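What TrEMBL lists as domain 'Plastocyanin-like' is 81-187, 202-309, 394-511.
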Ligand code: C2O
Ligand code: CU
Ligand code: CU
């Protein structure tokens, strides 16, 4: 992890301590008032703002179904003050409500497209009929309504919904068509984890954006952005820059969603404090795992419990390694280091550190205790698999040949037919020079290994998206449990949205065995 900014963080805390401010006065100080940006070398600018918490929407129960009514609408948002930019929102000017639902329920959505353009709404992480998936085939034309319905089979966790428009998922998600989903269930309710939405259980949709000199949101179309994916210099959490969350002392549950188009983040607490990792994409881990950092690529989620019992402010930060050869602490070098991206600064090549969230607790409480076990989660057993499939990700020369197994996404081609109910190993190999987050629809899989090495802590549970590093091969164990449909495909793809849009995506159907 690039450590260039760390000493300054340490200085800052020491400074606060020696000034006698850490315990009391800190929360009342304007965050940048006491140390300039250059002193901290921290990538933030502007005044702190309270973290926006998306409205929680539980829908209504109608004839035994949980029904959500949502509209995709054009909006405006000030990414820097006083300069509005056009956006897309879901019953909001930017992003949308957190949808809350329970495992075992039948849900129905009525989604009205009030935009002047086509859109789709994909339920990321869910097992569901292909016609309800919201991929590129479930187009919602302007003025039309889409009303999919499915049973919630997923374990409790943080999922999300977002645009999956063919070739335009990147710009639509970027301008706001994305939001969180909370699935709850009894297994989790029994544990008594922090679960008061917006109080001790908060979603953090982490996104980076390019803002031009006039303060407007820009979706860059240059060569670098198309090849590496769009990466901005400003971080927004639930749409808030320089976000502050006033918490009660005690445990705070952060549900992290990397909702960025292309940027990877390695999250940690300032001062290298430990966090308790409790969940991956598809729900609770077997047991809490103490971590000092965790990495999420676009599409991935994780949940951590932060201990605010001392009542001292804490800051969640993230380093963002340059996504190129060796980014995961590997062999070093790589295309961005090789001078090919001549217009990038040296600092950017080494990665940089962003402030994500300032947590300011009030009061103090007894130290946080978590249950020693969380969920029954057996180790994945590769001997269950009756066949394997191989997927090779490649970018071609200068990103002009985004492909999987040599094929670029074609809406009219079914690339794989997968029998229902059968355990398979999917081997995902990366032939390119940068890491790709590989995502599969309609399944929660287990990661067996990467080049024979065991998964990291944040990858040990159920996953729907997994990082595949340059020249690496990961092995996934999976099974599609139901929802056969010989005609309507699901997608598998890179979740760097510009790669997806450029065709690093394939289609599969689940067939009756
Ligand atoms: Cu989150 Cu196919 O996407
Ligand atoms: Cu998905
Ligand atoms: Cu990719």
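In case you wondered, yes, glycine gets a Cβ from its N, Cα and C as well.
No curator has checked TrEMBL annotations; they are predicted automatically.
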Residue counts (helix, strand, coil, in that order) that DSSP gives for the domain 'Plastocyanin-like' (394-511)
11 helix, 50 strand, 57 coil
Using DSSP, what's the helix, strand and coil tally for the domain 'Plastocyanin-like' (81-187)?
12 helix, 45 strand, 50 coil
Can you break down the domain 'Plastocyanin-like' (202-309) into helix, strand and coil residue counts using DSSP?
9 helix, 62 strand, 37 coil
